[in-house]
Amino acid sequence: MTLILGSASPRRRELLAQLGVTPDAILPPDIDEEPRRGELPRPYCARLAAEKAAAVAAGPEDVVLCADTTVALGRRILGKPADAGEAARFLVALGGRRHEVITAVAVRRGDRLWQREVVSQVKMKRLSDLELNAYLASGEWEGKAGGYAIQGLASAFIPWISGSFTGIVGLPLAETATLLAAAGVPLYRAAA
């Protein structure tokens, strides 16, 4: 059995290591991540994780692990900002409000698919112009759903969360461990 991580995210690799799991291969899938018309955040996130898992080429006994993280402000999906201007708009919209961070995990082995979605609540403070401009200049927003990374500089902007911290980062470990175990992946092994 080979474990394939369908993600280029170094954060997901780091989180997997906390379970004593090292992927044998890293094969990020290339799928269309555009939301469908009228699609709500949670079904959107679950669909992307499943589509990513289906898109990774794997043998019948290989295990594919994929995830998708989405930031939702009400019914609005805030994906990865295209540029600093969009990141600024996201951060201003999130400021002073609670929002949801949804991470969907999909594990595939052969024709079997195991899935979970984890929804966490996050409150971001209103950012001053200095904070906003410094954060944008850091570049940390690039490639991050909602335009921020809670485990980085943006941690200073988050006074409150409810839910899974690792889910907000991008891979909810409790749920991921359950799914990997269901697929037969041994957990909690020390690195060789």
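Note that Cβ sites are derived from N, Cα and C of the backbone, with glycine treated the same way.
These features come from Swiss-Prot:
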SITE      R11  site 'Important for substrate specificity'
ACT_SITE  D68  active site, proton acceptor
SITE      T69  site 'Important for substrate specificity'
SITE      Q151  site 'Important for substrate specificity'
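Looking only at other Cβ atoms within 10 Å, the busiest spot among the recorded sites T69, Q151 turns out to be T69. Cα of T69 (site 'Important for substrate specificity') to Cα of R11 (site 'Important for substrate specificity'): a span of 12 Å. Here the recorded positions are R11, D68; the one with the fewest Cβ atoms within 10 Å of its Cβ is R11. Secondary structure at R11 (site 'Important for substrate specificity'), taken from DSSP and collapsed to helix, strand or coil, is helix. Taking only the Cα positions, the spacing between D68 (active site, proton acceptor) and R11 (site 'Important for substrate specificity') is 13 angstrom.
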